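**Q** According to TrEMBL:
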{"type": "COMPBIAS", "residues": "8-20", "note": "compositional bias 'Low complexity'"}
{"type": "REGION", "residues": "1-46", "note": "region 'Disordered'"}
{"type": "TRANSMEM", "residues": "64-82", "note": "transmembrane segment"}
{"type": "TRANSMEM", "residues": "94-110", "note": "transmembrane segment"}
{"type": "TRANSMEM", "residues": "117-140", "note": "transmembrane segment"}
{"type": "TRANSMEM", "residues": "210-229", "note": "transmembrane segment"}
{"type": "TRANSMEM", "residues": "236-255", "note": "transmembrane segment"}
{"type": "TRANSMEM", "residues": "356-375", "note": "transmembrane segment"}
{"type": "TRANSMEM", "residues": "395-416", "note": "transmembrane segment"}
{"type": "TRANSMEM", "residues": "437-455", "note": "transmembrane segment"}
{"type": "TRANSMEM", "residues": "475-496", "note": "transmembrane segment"}
{"type": "TRANSMEM", "residues": "516-536", "note": "transmembrane segment"}
{"type": "TRANSMEM", "residues": "564-583", "note": "transmembrane segment"}
Amino acid sequence: MEDKNNQMKKSSSLNLSLPSPENGIYDEEKQSSSSDSPSKTSKRKPGGWRAMPYVLGNETFERLASIGLLANFMQFLLTVFHMDQVAASNVLNIWSGVTNFIPLLGAFLSDAYIGRFWTIAFASVFEMMGMLTLTFIPWLSQLHPPPCNPQVGQHCKGPNKSQLGFLVMGLGFLSIGSGGIRPCSIPFGVDQFDSTTDEGRKGIASFFNWYYTSFTVVLIIALTLVVYIQDSVSWVIGFGIPTVLMFLSLILFFIGTRVYVYVKPEGSIFSGIVQVFVAMHKKRKLKLSDERQSNGVFYDPPLPKGSIVKKLPLTNKFRSLNKAAIVMEGEINTNGTPTNTWRLCSIQQIEEVKCLLKIIPVWATGIICFTAMAQQGTFTMSQALKMDRHLGPKFQIPAGTLSVISMITIGIWLPIYDQLIVPSIRKITRIEGGITLLQRIGIGMVFSILSMVVAGQIEKVRRNSAIMHSSGDGIAPITVMWLAPQLILMGFAEAFNIIGQIEFYNKEFPENMSSLANSLFSCTVAGASYLSRFLVNILHNTTGGHGHPDWLTKDINEGRVENYYYLIVGLGVLNLFWFIYVARRYQYKTRLEVDDGIKPYSEVHELEEMKY
């Protein structure tokens, strides 16, 4: 690693060679005797497929444990904790919001301080503690309200402060665990392969295939077998099985410590983002119109050797940020590095921040869309509990299993879409994916709106049937499969919108911001959870009156849940119009392959009449 001294030249940019950072891929021949410890920085070859049984095994057991524990949690709160719909929905929405924001902190700590291995290790311990805590709740009678049967007129006592506090503690441990595991699991798996070789790149691609395949299998098992045990056998066993699986996940993860590749933390992208804004503020009085004549040149060093990040040119979007790259006297060391990174930033840093800023409006539109999708785990389950869930004379479908319908829809649709529909559309649009990513996201929004319209109509049918037959348990004598249409539509919404969002973030962000890109979708889920909680509480406190219960009252047959669905429809329509406005003005960073060569998204954007 050599420092190179370059003379500053007055031109449109300044090229300076910087010391290349260590890439974290270690050479086994230089490994020291203590290299099996993840705290060491000795060098070794990538673990490759030798590490995959431990990495994928850990991931599979951890996901099966966490999803199996929480897939049926709404019903647990309603039937074991005797909460009403609003209180149970608030608990889930608050917990989901915290759980999906905290990965940003986990990503920061991992990248800047302790590395991915120790982040996952500490997080797994917290996740195990959370699962043990929640397993104790149905096991020990003093940790949950006494059982009751409201169908025979018994009054159901809700949780006291101690019981609620124990529940919150368990969910808090799970949030901390998720905050460390979610942002680091995929990158840690990728770390095991050497991306500079063909074999390593093939290994990474194969890892992703195995990762998502195992994820799908885990979801199906968790939403069928585990939920059935919770619903029909025992909550203690239903929670205990995921806890045991999490323990096996933790053991398996530590068994692989002698095989893993450990990439040292090299600093967080969040620090670079803050540096750009601080440097811009310090140079806010500079004028951009004549900086080349009076203020020197822009700081534009080359990227480190071997970097997979693509060089970004200086643009005029968010032009005031460009001030952070103006070189003033004494701001460059003899080796080409800035004397103060909080006063001078590179063009690459600035353009990376611009990528984030221009994506934020698109990201914000996903919150309302996901609010519709989130109803599968709350009020859709409340509907299912008041419908006939029998398949045959003895078997009863667990309410928490119904979301499998959405997954099956995705599993059937995606191969058809990728293998049959995309090639046909590609011939017309000359776009690699058939349609642009923003078009795909927009189509998903339309399906989410349609899903809520259908959900509202079906809820009216369900409630009218329950009132007409007036059974003691309040269950409508119609099959729970009436909920299938709204869940199928929601499956299409997820297939277009969610997958489109994830691909959009990963392609539009620079390569070194992939951890942030992967965290954005979690932030979307968090935003949707808080918006859902806000709407639920507003409706609960403002609707009803004059002898009529509110829309979301405890007895779903007395409420008007369909009006809540229609409110989400109205917000979704407004959100769709805003999305179209934003998408029509978005300029893509990514390029696509078309039939006659390679053109940027922006060129295709100008050629097509449908611009989003």
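Each residue, glycine too, has its Cβ placed from N, Cα and C.
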**Q** What stretch of 64-82, 94-110, 210-229, 437-455, 475-496 shows the most Cβ pairs under 8 Å to the transmembrane segment (395-416)?
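**A** Per the Cβ under 8 Å count, 475-496.
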**Q** Establish whether the number of Cβ pairs under 8 Å between the transmembrane segment (210-229) and the transmembrane segment (64-82) reaches at least three, counting only pairs separated by 6 or more residues.
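**A** They do touch: at least three Cβ pairs between the two stretches lie under 8 Å.
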**Q** Pairs 6 or more apart in sequence, C-beta under 8 angstroms, 3 or more of them: is that satisfied by the transmembrane segment (475-496) and the transmembrane segment (437-455)?
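**A** Touching, yes - the transmembrane segment (475-496) and the transmembrane segment (437-455) meet the threshold of 3 or more Cβ pairs under 8 Å.
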**Q** Quick test of the contact rule: Cβ under 8 Å, at least six residues beyond the ends. What residues does that give for the transmembrane segment (94-110)?
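**A** Contacts of the transmembrane segment (94-110) (Cβ under 8 Å, skipping residues fewer than 6 from its ends): 116, 119, 123, 171-172, 174-176, 178-184, 265, 268, 270, 374, 515-516, 519, 522-527, 529-530, 533.
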**Q** Would you mind listing the long-range same-chain contacts of the transmembrane segment (356-375), meaning Cβ under 8 Å and 6+ residues beyond its ends?
**A** 93, 96, 273, 317-318, 438, 441, 444-445, 448-449, 451-452, 455, 490, 493-494, 497-498, 501, 504-505, 508-509, 513, 516, 520-521, 523-525, 527-529, 531-532, 535, 565, 568, 571-572, 575, 578-579, 582-583, 586-587
**Q** So what's near the transmembrane segment (564-583) in sequence-distant terms, Cβ-Cβ under 8 Å and 6+ beyond its ends?
**A** 361-362, 365, 368-369, 371-372, 375, 379, 438-439, 441-442, 445-446, 448-449, 452-453, 455-456, 459, 535-536, 539, 551-552, 611-612
**Q** Counting only residues 6 or more past its boundaries, what in the same chain has a CB within less than 8 Å of a CB in the transmembrane segment (117-140)?
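**A** Those are 38-39, 58, 62, 65-66, 69, 76, 80, 106, 109-110, 163, 166-167, 169-181, 183-185, 188, 234-236, 239-240, 242-243, 246-247, 249-250, 253-254, 257, 260, 262, in sequence order.
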